[in-house]
Amino acid sequence: MNHFLLLGLSVLATAVGLYLIPFCKKAVLLIAMMSVFGISYGIMDTGGNVLILTLWGDKGAPHMQALHFSFALGAFLTPILAKLALGTTASPENHTEPHLHPAALNRSPEADPGLLFAAPDDLNLLWAYAAIGTYTFVVSVFLFALFFMKSSKHEKSTASAQGSRRAKHHRALLCLLFLFFFFYVGAEVTYGSYVFSFATTHIGMEESEAAGLNSAFWGAFAACRGLAILFATCLRPGTMIVVSNIGSLVSSLFLVLFDKNPLCLWIASSVYGASMATTFPSGISWLEQYTSISGKSAAFFVIGGSLGEMAIPAVIGILQGEYPGLPVVLYTCLGSATFTAALFPVMYKLATLPLDRQEKENRRSKDQKALPSNSGL
């Protein structure tokens, strides 16, 4: 399918889901709406990366960083805006629930058992979803406009980016990147989801201080992704991955060693968030340098990241509840950082071996053409 059409439809489905979610009065209906929302989000996650690779190829590292910076910026700002819109004292963390209004307490959800759709008790909640849904709808309109615009510039860009090259270990690289993103995304979401609860239960922080710690992690994450747009113009993706792996490994090690020290927790959390920021977009740009990434290939390793996002936080949440005295969340971050730091050299070796042979053959052919016997002298 046309990339702009597919992205436009997925964003439109997201907007419709955002409009309908506040009105759902049945759990089954809400599950259906959230499933549609998840499907459309998965299409956007994969399709956005593939579109950038199609338009710019291995020259699209800054654009890839910009795309993922927008995700980080939204993850940082949206909970704050939602908190302001709801007018509650709730924190944007995983376990804190907003205070219910008296009207919501007085009304019983079983009052109308046959009702499928109805306005929510809190109208601020409705306006928050409606605002985000309207914003998403406007984005879908722009994507549909790009679909109907048949510009020669786009055709030339697409044609120039379609030159296929395939590494000798193409499938092995995809499988390794699948594992790489599985542990990386799983660790990122695990720490971002549980740092608030961990700080209040394990360290004994006040909720306001723990909320600031959570904001420090995501703020450093978003800021470093913004800076990565500039870094990507002068640094190779592989270099950025190595620097990110070292930063993640060192910061997670300090988190484990000084898990009871609030100051170390603040500093290491910020460094950890900054180190995790550039890994995902840099990984995609790095792979594009050595082998062409099709829609199927991108979907494969994005599924790896999505599985890590789903499975690792769930398992760690259970283990942390079973062993509250141990910093299981920090152990997970250190283990994931160690695994990804050890895995990337293997990926690099597999990716560069075929290229080294190709470069040697190209050099031999150039040398033969430069010989006097071949030049007609």
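Including glycine, each Cβ sits where the backbone N, Cα and C put it.
On a predicted model such as this, the values are computed, not experimentally measured, just so you know.
According to TrEMBL:
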type	residues	note
TRANSMEM	27-54	transmembrane segment
TRANSMEM	66-86	transmembrane segment
TRANSMEM	126-148	transmembrane segment
TRANSMEM	172-196	transmembrane segment
TRANSMEM	242-259	transmembrane segment
TRANSMEM	265-287	transmembrane segment
TRANSMEM	299-319	transmembrane segment
TRANSMEM	325-348	transmembrane segment
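Here the transmembrane segment (66-86) has Cβ contacts under 8 Å with residues 48-49, 52, 92, 98, 122, 124-125, 127-128, 131-132, 215, 218-219, 221-222, 225-226, 228-229, 277, 280-281 of the same chain, all six or more residues outside its ends. The transmembrane segment (325-348) shares more Cβ pairs under 8 Å with 172-196 than with any other stretch in the list 27-54, 126-148, 172-196, 265-287. Same-chain neighbours of the transmembrane segment (126-148): 2, 4-5, 7-9, 11-12, 14-16, 18-19, 21-22, 78, 81-82, 85-86, 119-120, counting only residues six or more beyond its ends whose CB sits under 8 Å from a CB of the stretch.
Tertiary neighbourhood of the transmembrane segment (27-54): same-chain residues 3-4, 6-7, 10-11, 13-14, 16-18, 20-21, 60, 63-64, 67, 116-117, 158, 161-162, 284, 288, 293-295, 298-299, 302, 306, selected by CB-CB distance under 8 Å and a gap of 6+ residues from either end. With a threshold of 8 Å between CB atoms, the same-chain residues lying at least 6 positions outside the transmembrane segment (172-196) that come near it are 91, 93-96, 210-211, 213-214, 217-218, 221, 248, 269, 272, 276, 279-280, 283, 287, 290-291, 297, 300-309, 311-313, 316-317, 320, 329, 332-333, 335-337, 339-340, 343-344, 346-347, 350-351.
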